[in-house]
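Worksheet for the structure shown next.
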Amino acid sequence: MEQLDGNEGTSAFHMPEWMIQFADQKQEFNKRPTKIGRRSLSRSISQSSTDSYSSAASYTDSSDDETSPRDKQQKNSKGSSDFCVKNIKQAEFGRREIEIAEQEMPALMALRKRAQGEKPLAGAKIVGCTHITAQTAVLMETLGALGAQCRWAACNIYSTLNEVAAALAESGFPVFAWKGESEDDFWWCIDRCVNVEGWQPNMILDDGGDLTHWIYKKYPNMFKKIKGIVEESVTGVHRLYQLSKAGKLCVPAMNVNDSVTKQKFDNLYCCRESILDGLKRTTDMMFGGKQVVVCGYGEVGKGCCAALKAMGSIVYVTEIDPICALQACMDGFRLVKLNEVIRQVDIVITCTGNKNVVTREHLDRMKNSCIVCNMGHSNTEIDVASLRTPELTWERVRSQVDHVIWPDGKRIVLLAEGRLLNLSCSTVPTFVLSITATTQALALIELYNAPEGRYKQDVYLLPKKMDEYVASLHLPTFDAHLTELTDEQAKYLGLNKNGPFKPNYYRY
């Protein structure tokens, strides 16, 4: 792995002119439209992740709800059929949700405005596999405004907002995704994005590594024209490092997950808010006094623990890393092994990025009505496959909520079948996703425009300067005013007055 430094060597990150102008005028970013539009929203954004709407707001055609989108013949208003979504007629509602998200993504909207004249992604053909929500729609449309052609699939079978996917398809984006895909549908959608006549991707934006894996497995020759990969998840980054270690990584890759602006904001602050949202919507539970075990005390685990503790829950933590374990102890949490508390806890939350963290043995020993859910990217943390046996009964309670019932009548409450809770069962804070999306966009621009030889076939961390830049773009929203170093202070610290302000080894 190589760490890029904005002040060193031939691989230095060079800020283009439009970015410099962008930074100089960032006070404009916080200006928001005073007119939202003549139409009012007929439903709250909190309902966007479910398939049930009130009769006044319903735009789900119940007559074909059970029909697979793969079996439908749909065209948008321009006559294109190069997409596969649940119902293209939902596009108008999806467009309203995207417009709401735009108001909470000031830096990304400003990037679109400032850089579209230069078109830094002109000629880029980006194939993406991420959650398809209103927030990622703003990212996709920004990439399009900067000159890129995009084709997109979903990285999670439950997180797609059908109305947003329809809005993107109506706008001309080839999108292949719908909420509730089967495993076969999931891979079919990815293949439709990649395997298309007359179109060859030259950039990959991935979340989880499934798209990258599919291209390696099915279309390895495509990497001859691909300039780079941008990956944002723990799981996907781990896969990239494995490829690099084995000498099989064919192109440069940007590790967005470990950038400060992703890990310290998306992973921590986003999960701190969305864990409560997901649990409350699915179970209507009271948190005060409940006993909860959180498996993993990385940034996601820290966010979950802080939120639950603030609500009055009794929180236990499991951890393999002694440093994270000591942090949990110093934050006031009891460090345990899962076996020690599995019989008494009311909620089990996984957020490790590992596999088989909660096994069938653990599930057998849980108390009646224990809630089990996952906040990690991958669905491998809870051994859900072990629950699909003849002696256990599955009972659907509501969307993304299942009772798994043992022969003696004991039942557990399984959320989203062990997949990512917050994006499967609720929504996430748009502003935090603006930080991540802006980082992704700049990483794509950097990799795509990098001169030959700047990046080798390895995994790179984003330059510190870029992290600081993304953070600075979001400060005007809070009417925040940075203190500036004097020349004397900068000289004393050995810093450039404009940053970077911390060395690469600094841990925030």
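Residue 1 is the first one shown; counting continues down the chain.
Even glycines carry a Cβ here, placed using N, Cα and C.
TrEMBL entries are annotated by machine, without manual review.
Here the structure is a predicted model, which means the values were calculated and not measured.
In TrEMBL this protein carries:
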- Thr133, Asp207, Glu232, Lys262, Asp266: substrate binding site (BINDING)
- Gly298, Glu299, Val300, Gly301, Lys302, Gly303, Glu319, Asn422: NAD(+) binding site (BINDING)
- 32-41: compositional bias 'Basic residues' (COMPBIAS)
- 42-61: compositional bias 'Low complexity' (COMPBIAS)
- 267-428: domain 'S-adenosyl-L-homocysteine hydrolase NAD binding' (DOMAIN)
- 24-81: region 'Disordered' (REGION)
Which one, from the binding-site residues Gly301, Gly303, has the smallest tally of other C-beta atoms lying within 10 Å of its C-beta?
Gly303
Counting across all protein chains present, how many other Cβ atoms fall within 10 Å of the Cβ of Lys302 (NAD(+) binding site)?
23
List, in sequence order, those binding-site residues among Thr133, Lys262, Asp266 whose Cα sits within 10 Å of the Cα of Val300 (NAD(+) binding site).
Asp266
Do me a favour and check the Cα-Cα span between Asn422 (NAD(+) binding site) and Glu232 (substrate binding site); whole Å is fine.
17
Could you round the CA separation between Asp266 (substrate binding site) and Gly303 (NAD(+) binding site) to a whole angstrom and send it over?
10
So if I measure Cβ to Cβ from Asp207 (substrate binding site) and keep only same-chain residues at least 6 apart in sequence, which ones fall under 8 Å?
Cys129, Thr130, His131, Cys155, Glu231, Glu232, Ser233, Gly236, His377
Distance, Lys262 (substrate binding site) to Lys302 (NAD(+) binding site) (CA atoms, angstrom):
15
Residue among binding-site residues Asp266, Glu319 with least C-beta crowding, 10 angstrom cut-off:
Glu319
Between the Cα atoms of Glu299 (NAD(+) binding site) and Lys262 (substrate binding site), find the distance and write it as a whole number of Å.
10
So which of the binding-site residues is most packed in, judged by how many other Cβ atoms lie within 10 Å of its Cβ, out of Glu232, Glu299?
Glu232
Below 8 Å Cβ to Cβ and six or more residues apart, same chain only. Which residues does that give for Gly298 (NAD(+) binding site)?
Asn267, Cys324, Cys351, Thr352, Gly353
